[in-house]
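Participant: Below you will find the structure I want to go over with you.
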Amino acid sequence: MTNCPTLIVTVGLPARGKTYISKKLTRYLNWIGVPTKEFNVGQYRRECVKIYKSFEFFSPDNEEGLKIRKQCASAALNDVRQYLTDEGGQVAVFDATNTTRERRDTITRFAEQNGFKVFFVESVCEDPAVINENIVQVKLGSPDYTHCNTDEAVEDFMKRIKCYENSYQTLDEVLDRDLSYIKIIDVGRRYLVNRVQDHIQSRIVYYLMNIHITPRSIYLCRHGESDMNVKGRIGGDSGLSLRGKDFARRLGQFIQKQDISDLKVWTSQMKRTIQTAEGLNVPYEQWKALNEIDAGVCEEMMYEEIQDHHPLEFALRDQDKYRYRYPKGESYEDLVQRLEPVIMELERQENVLVICHQAVMRCLLAYFLDKSAEELPYLKCPLHTVLKLTPVAYGCKVESIFLNVDAVNTHRDRPENVEVSRMAEEALYTVPAHQ
Amino acid sequence: MMASYEDEPMETSPRELTQNPLRKIWMPYKNGLPEKHIPQRKVCMTNCPTLIVMVGLPARGKTYISKKLTRYLNWIGVPTKEFNVGQYRRECLKIYKNFEFFRPDNEEGLTIRRQCALTALNDVREYLGVEGGQVAVFDATNTTRERRNTIMKFAEQNEYKVFFVESVCEDPNIIAENIVQVKLGSPDYIDCNTEEAIEDFMKRIKCYENSYQSLDEVLDRALSYIKIMDVGRRYLVNRVQDHIQSRIVYYLMNIHITPRSIYLCRHGESDLNMKGRIGGDSGLSSRGKEFAQCLNHFIQEQNIKDLKVWTSQMKRTIQTAEALSMPYEQWKALNEIDAGVCEDMTYEEIQDHYPQEFALRDQDKYRYRYPKGESYEDLVQRLEPVIMELERQENVLVVCHQAVMRCLLAYFLDKSADELPYLKCPLHSVLKLTPVAYGCKVESIFLNVEAVNTHRDKPENVNISRLAKEALFTVPAHQ
């Protein structure tokens, strides 16, 4: 997307969501294929100052503290340079308060010397309720406060914030007019965007403007077992088997029991997901983007047939399942690109149930659980099992609910031998049982 | 955590599904008839219509933004219409004398202007209520809080969501350029020379300045809006309510007014083209290769600064780009429409094997989806990120395919869904698109290498009952 690497620099007082944003943005960029890594200066500080005593460390007149913090920032920037220059990284997220213009100038100079573009992401918030919730969600559990009780921790953290307040120089309309940045105000109520330089910054801005922190859950599941599933065939557009229909009914009951406020239901445009949604008796929306991966010439084949007709293709797929594209079909990599608007809309929405397909569900799950391209195509997404994802702290809680209707297993593990020269039985070793 | 659910008494059985033969969409039906329409993925996930309200002094690009935004929304499938109050004023007043009409103490002028705004709002209501519109763009200065409040009350009564788009700019160069590009040619200044027109227009702007109340951080904090400053250098975005507003913001943040040209062309003639076959992934014929060479000369002659070259991931576009000796980027999104089961067929074969499909396609070529393939409507959705990136870029050459080029062209030239699938995009012709004023100048350059014609017009008889020859009447000649 961009030839120059990009350095994203967070700005803001403690408890303004900088790390939340850093981690989320990093996860998103990696998922869409932009190698990104975050560098949390607080982490560096914890490695350096083994034991955190109190907010005094952050007092602006604590010379020793200042020195250590400056060193940690430098060490982090060094690692940034290594990542972007030597390790093939495309974006680095430098997560620290960076609340003074002086500190930001240092970083800007560093970036200039190394040929990195800089984009600032500032989070400004004065709502005490939001700050409190932030502290409860992510500070109390921090290594810094392992030995404190809740009240002590909150009290200390509030004093810590105070240490930064006097020297805080927010990004200024006039003084910082030449910088590229987004200022997020009150958790997304307002945004100020200045001098977006290129495509990746434009995508970052769009993403940041679509995320929210309202509590909600995302339910992911596949369609009920289909006739093709039973026969061990991939792709196609078949209807549900009897057990699949049974699952649809159970799914309806499950959803009712969950008593979810304003649930949106999304399906693909393939018969089996729509039939499943029909079992819920609620309105649903069809997305072509949620259609199963197109297996091209292998559509409707069994793995045995693929081995028979296209043994080379079958081996290549096992060698790199993420990037492998079926002849006249798609790859997982293509799927991710196709699903990006779905993810964007999922970020905007609140409670959603997505009824989709095995490969599609793997891609979506990889986004939420930060799975790499190598792990993604092998994530376990069995039929008749609902995954309930609930954002919590910096990640996602996952609950797996099997709806107690048996179904075939459609998960084929990577076999040991992925060589083109392998024998048929070696290729077929991990094919799950079917009719 | 694992949980399982015990069996419960059976519910009523779910509805049966039938697949719409044209769009290949599965829908529930009862007693042989399709049930109430289940919505397909519509861009605009809101049931409420949206009223976009422009704000800003004259010559700040409000009409430019209104028209462009309207064009974009219509192209992605959101029925949108713009309502330019200046137009209404011109229809009312017939002859524009001078800036005095806009003076804040001209009672008669104020009365007429208010009436025009109300008439326009009336038409907005008609469009959004009765005519099935989804978004209306209300293009006027709307520079006072009082006027904006009136509009919001109107929107509230009619249950429209309101989104303000304000353009703020104090750069005299930009304002001067704006006046030259779009005011001098306005009906208001037909009888003036350039200096007179500019002088009058500057005085017109002055009439608004004293009463101008820009959208305020505090006073207007409950409103949903984007404030565009200095032609996109800075943006203030407040309270985006829903998906369509989010898309509008993203679009507005990606467009620019830097002069540039976009070159669109198809790959050189391919082997399959010569045989009259559609789709596939064949290489160039020898005439196609010749075209690629000519394209190379043409591009060099054009002497374009920093030209980006984009192709699809199909062999024929890549082969064409290879002749340019320039770096190029491959986009899967630019691949030709997937003809599904009809891939690699001639029209004669399609008529032979799938006469019903062939007829359905002629009935509604935009929405028709090939079995296991795509529709033009699907293509547009697939191409949206390409359009977004084209908006961000400057000089670009896109080497693509017939259906793809029709979609892109329809976006730039504001063609409807009905016209789009029949746009003429012949082989070996380059279209050079240069934004000018509120639209796009088009130059068509045929690179003088013969090629087959691949354009099939809509035949007269589109009924399923038609004879084969009636279906094949408009098929262009091939080997």
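If you go along the chain as it appears here, the first residue is 1 and each next one adds 1.
Glycine too: its Cβ is placed from the backbone N, Cα and C atoms.
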Participant: B:R266, B:H267, B:G268, B:E269, B:S270, B:D271, B:L272, B:N273 bind substrate in TrEMBL, but which of B:R204, B:R221, B:R316 does that record place at the same site?
Facilitator: B:R316
Participant: If I take the alpha carbons of B:S270 (substrate binding site) and B:E336 (active site, proton donor/acceptor), what is the distance between them in whole Å?
Facilitator: 13
Participant: Within 8 Å of the Cβ centroid of the substrate site residues B:R266, B:H267, B:G268, B:E269, B:S270, B:D271, B:L272, B:N273, B:R316, which other residues of the same chain have their Cβ?
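Facilitator: The answer, listed by sequence position, is B:M274, B:S282, B:G283, B:L284, B:S285, B:G288, B:L427.
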Participant: Provide, as an integer number of angstrom, the distance between the C-alpha atoms of B:E336 (active site, proton donor/acceptor) and B:R316 (substrate binding site).
Facilitator: 11
Participant: Can you give me the Cα-Cα distance between B:R316 (substrate binding site) and B:H267 (active site, tele-phosphohistidine intermediate) in Å, rounded to a whole number?
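Facilitator: About 6 Å separate the Cα atoms of these two residues.
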Participant: Taking the Cβ of B:R316 (substrate binding site) as the centre, count every other Cβ atom within 10 Å, in any protein chain shown.
Facilitator: 29
Participant: Around the Cβ of B:R266 (substrate binding site), how many other Cβ atoms lie within 10 Å? Please give the count over every shown protein chain.
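Facilitator: Counting Cβ neighbours of B:R266 (substrate binding site) within 10 Å gives 29.
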Participant: With the cut-off set at 10 Å between Cβ atoms, which of these binding-site residues ends up with the most neighbours? Options: B:G268, B:L272.
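Facilitator: Output for this query is B:G268.
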